[in-house]
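Here's the structure we're looking at; comments come further down.
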C-alpha cells in the first residue's frame, strides 16, 4: 500500500517537470542602426506538437509586438501595426527580428513560449526580459551641409544675376553711342558746298571751273 502511494506521488511530479518551459534572454540589447535581433532560447521536454511564441513590450507585457506559431507542417507569423517585427523558429530558440525602430520604442521586452496542443497547455514563467535601448539617429550633421549648399546656390544665383545686369547695361550704353555716331556721320554726308553771297552765278554749275579768255585774245592778228 505504501509503495502504491509513493508511485502515485512521483507520477504528477514527473509530469510537471517534463512539461515545464524555461526561457533565457540576454539582459541588454543596444540598437544603433534601428535594427534589433532578439533571441529567445528555451527548453521543453514535453510532447507538444503545436507551439506559439510571442514578444511582449513593457514591464506588464501589455503590448504584444509580434508572434509566431508553428506545428509539424506550417508556420504562421504576424506583427503589431506599430512595429516591424518578424519571428523565426529554429530548433530550441525563437528569433525576433525588428527593424525601423525608434527611440520611443526603448523598453523591456519579454519572450513567451506556449505549448498549445495536445494538452496539457503549458507556457513559460516570466523571464527577466531584455532591455532594448534604441539610440536616436543623429541628423544634426546633415543640417549644416544642406544650409551651406543652399547659401552657395543663393550666392551663385545672385552673382550670375549681377553679371547679366552688368552686361545688359554695357550693351545698352554701347548701342546708344553707336546710334549717336551714325547720326553725326549722316549729317556730314548730307552737307553740300555753297557759293559766297558776293559771287555771281555765271550760268555754270557750281562744280564747273571758269575759263580764262585772255589767252585766246592774245593770239589774234
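Using N, Cα and C of the backbone, Cβ positions are placed for all residues, glycine too.
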Under Swiss-Prot, which of the candidate ranges 166-187, 188-209 is annotated region 'Disordered'?
188-209
Given the recorded positions 33, 40, 41, 45, 100, 128, which lie within 10 A of residue 66 (disulfide bond) by CA-CA distance?
none
Please tell me which one of the recorded positions listed here (33, 71, 85, 128) sits closest to residue 40 (disulfide bond), measuring Cα to Cα?
128
Taking only the recorded positions 33, 100, 111, 128, which one has a CA atom nearest to the CA atom of residue 45 (N-linked glycosylation site)?
111
Would you kindly give the Cα-Cα distance separating residue 41 (N-linked glycosylation site) and residue 111 (disulfide bond), rounded to the nearest Å?
9
